[in-house]
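Scroll down for the structure; my scribbles are underneath it.
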Amino acid sequence: MDASSVPPKVDDYGMYTTEISHHNPIELKNLLSSSDSRRNSQDEDSLPNNTNLIKEIDWQGEKVKTYPLNYQTVPLVKLQVIACLIMFVVFGMNDQTVGALLPTLIEYYHISRVDVSNVFIVQLCGYVMASLSKERLNKHFGMRGGMLLAAGLCIVFLIILATAPSSFYVCMFCGLPLGLGIGILDSTGNVLMGSLLVHKNELMGIMHGLYGAAAMVTPPLVSYFVEWGHWSLFFLIPLFFSIIGMIVIFPAFKFETASKYDYLCSVENKESNNDVEEAGDNSLMESTKASPGFFELLRNPAIFLYSLYLFLYLGAEITTGSWFFSYLLETKSSNKVAMSYIAASFWTGLTVGRLCLGFVTERFFENEYKASKAYAFLTLSSYTLFVLVGLINSSSVFYFVVLFFVVFCCGTFIGPLFPNASIVALQVLPKRLHVSGVGVAVAVGGCGGAAIPYLAGVIAHTVGIQYIPLLCWIMVALFTLEWTLYPKFIKGHEEYF
């Protein structure tokens, strides 16, 4: 390669890439890096106050345009943020739609709970496909291609679902491409927000808050469409947001090409090599040390425990959100509209917890581990009340108010556990394992988010749906126990515990 192709260091430019071209992952690298910490605390007035910050660079015969990830000075970044916020509304609705429609699908298609639970497994397969194909998508099509593919998949298959397919297996198959699209959107949104130069934490909270808010309003909305007699038309709502998102994605990501992905990956390789000594021109195209494999990463105690924690956590969270509505209808009341509001209490609490408890953590706890430990015990206490209150059979208004409040508390305290655990994991892991370690843990956690709800469907079918709260309590108790013992297995990082 000639010297003109060697890119300069671009410390002031955020990294969008999910994995580097030489198999060295860099996704979410900037979330807790020291340089980003300095940027996040930088006074906003010191940032350049002009919009002409897009630079054009020659890279392997093509023009690559780079710019700082500052939405205040680069309008294009603001559009990218807006696109991700819109698509996270689709993400939230998608995650709760299956749970809200479970009773309707069982009745409409004359299938069992086990059959309808297969949707969780199919969506997991799509999400895993997204994890395995992210690097290849970015390498060949850039982030722009990945985002357009994701929004396009949502549009096409939401249209199919809106027609109320005559076969349940068509609905089940739609979960695969939807899971693929949502997986791409999830990764892109977190990478973008985590790489912003200003207000990254606030915008990350808003994005995940929109996810929770969308999941919160889904059960009541679905119930109204079911009562109306046209349940499938609910899919027109996420379809609308997907179309708007697609319209915004076109201009927002127009410069996020495959060439830019390759350029940024090469820059990252050069910066990694410079930790040893200043590399020569040809070093940009040399492969750095190969990343450890999946099972090798799991042998690291910090990664294994983090993975197990997410497996149990996502199993408890998604099982509660997906099966709670069906549990209410079959054990408490057949009033779908009224029960949908109680079912929404969990997602309401989760949204409140993720938006508000972050401020509590900063002001009242020494570190994220201690905050998460306290929230985990509060979650366990709330789920204990959930199990006990669920044993009572009553149709009084007071009873349902108490049940609403208890489940709201379950959502509130379980909400911040995922992001806090991720912060702790990144604190104790060496920097070179940040992305690969988190990637493995999220993949394992996603398996829990599909396997446990599926197990809940099997239990509901064989022994009764009344045992769903107990299953969730067991998951919460296990991840609380693991989090309590976590420091005993992680040596040399006492300052974080």
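Yeah, the Cβs are placed from backbone N, Cα and C, and that goes for glycine too.
Membrane topology from Swiss-Prot places V114 together with M193 on one side. Looking up S41, S46 in Swiss-Prot, the residue bearing an annotation of phosphoserine is S41. Candidates N49, N420 were compared with Swiss-Prot; the annotation N-linked glycosylation site appears at N49.
Tertiary neighbourhood of the transmembrane segment (168-188): same-chain residues 16, 18, 27, 84, 87-88, 90-91, 94-95, 98, 105, 109, 111, 115-116, 118-119, 122-131, 133-134, 137, 143, 146-147, 149-154, 156-158, 160-161, selected by CB-CB distance under 8 Å and a gap of 6+ residues from either end. Most Cβ pairs under 8 A with the transmembrane segment (73-93) among the ranges 206-226, 233-253, 374-394, 440-460 are made by 233-253.
Residues 96, 98-100, 102-103, 113, 120, 219-220, 222-224, 226-227, 346, 390, 395, 400, 403, 407, 453, 456-457, 460, 465-466, 468-469 of the same chain sit 6 or more residues outside the topological domain 'Lumenal' (322-340) yet have a Cβ under 8 Å from a Cβ within it.
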